[in-house]
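Pulled from TrEMBL, these are the features on record:
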BINDING   Asp20, Asp22, Asp227, Phe239, Asp241, Thr244  Mg(2+) binding site
ACT_SITE  Asp20  active site, nucleophile
ACT_SITE  Asp22  active site, proton donor/acceptor
BINDING   Arg29, Arg134, Arg145, Arg152, Ser190, Asp192  alpha-D-mannose 1-phosphate binding site
Amino acid sequence: MASYPPLAEREIKNTIVLFDVDGTLTPARLSASPEMLNLLSRLRQKVAIGFVGGSDLVKQQEQLGAADVNVTTLFDFCFAENGLTAYRLGEQLPSNSFIKWIGEDQYKELVRFILHYVADLEIPVKRGTFVEFRNGMINVSPIGRNASVRERNEFEQYDKVHGVRKAFVEKLRERFGHLGLTFSIGGQISFDVFPTGWDKTYCLQHIENEAKRPGGVHYTTVHFFGDKTFEGGNDHEIFSDPRTIGHTVTGPQDTIDELKKLFDL
């Protein structure tokens, strides 16, 4: 396995390069190419590198690691679930979760309100799993996540006309606005509820904390590469954050070309 200079001794000082995973380092849902992994290894000799993905670490292991290679050995920083689960040089950093953040009592109150609201909804069909709990958020579906493909398509059309999710979100904002939550409508049948700021910018606090470590590095230059940097895309917040230099790429080959130019690889 390649060895790398300590973080404070990389050739390009105080600089870290962060990458989105899907559509940036790998084709969507597929694995990284040997060429990409080789280039990242060469880049890591010069600067600190990290990935920041919305999925959990299992997914990133599938896409970036291998049966005999742990993904946390390939990057200096690994930020799964936008940094709620984080690794530095293979060691896990303190993690966070939606439930830890909101507290059990407020969480129960929120879920109780959601389930009452769903119970009273007049919509053509209801199936099951109206609230799905994930580490960093809850996903709410008025029709239920167990709906068939046909039922999902039909609900999507119904929702366009009747604005079921929009009205639901407005009610939640009204009732729970004081909790500092973001309500994000996406996909066909559901919306996400998560603490405001728990997008990809969440990982930047780990980068800032690095400077507080004994002998830690104060990163003054943070590059971010992503493909969904447009407004509404899940790379937009970190791409446009004043703490980063954002780069929009169209796919892994574009990332490779940009890195070669930028870092003379």
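Yeah, the Cβs are placed from backbone N, Cα and C, and that goes for glycine too.
All features noted in TrEMBL, drawn onto the structure.
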residue	record	CB count, 10 Å
Asp20	Mg(2+) binding site	26
Asp22	Mg(2+) binding site	22
Arg29	alpha-D-mannose 1-phosphate binding site	12
Arg134	alpha-D-mannose 1-phosphate binding site	14
Arg145	alpha-D-mannose 1-phosphate binding site	16
Arg152	alpha-D-mannose 1-phosphate binding site	17
Asp192	alpha-D-mannose 1-phosphate binding site	19
Phe239	Mg(2+) binding site	23
Asp241	Mg(2+) binding site	16
Thr244	Mg(2+) binding site	21
Alpha-carbon spacing, Asp22 (Mg(2+) binding site) to Arg29 (alpha-D-mannose 1-phosphate binding site), which is rounded to whole Å: 6
Cβ neighbour count within 10 Å of Ser190 (alpha-D-mannose 1-phosphate binding site): 24
Cα-to-Cα gap, Asp192 (alpha-D-mannose 1-phosphate binding site) vs Asp20 (Mg(2+) binding site), nearest whole Å: 20
Max pairwise CA distance, angstrom, over record-listed alpha-D-mannose 1-phosphate binders Arg29, Arg134, Arg145, Arg152, Ser190, Asp192: 22
Pairwise Cα distance for Phe239 (Mg(2+) binding site)/Ser190 (alpha-D-mannose 1-phosphate binding site) [Å, integer]: 26
Asp227 (Mg(2+) binding site) versus Ser190 (alpha-D-mannose 1-phosphate binding site) - Cα distance in angstrom: 24
Thr244 (Mg(2+) binding site) and Arg134 (alpha-D-mannose 1-phosphate binding site), Cα-Cα, nearest whole angstrom: 28
Between Arg145 (alpha-D-mannose 1-phosphate binding site) and Asp20 (Mg(2+) binding site): CA-CA distance (Å): 27
Nearest of the binding-site residues (Arg29, Arg145, Arg152) to Asp241 (Mg(2+) binding site) - Cα to Cα: Arg29
Other C-beta atoms that fall within 10 angstroms of the C-beta of Asp227 (Mg(2+) binding site): 23
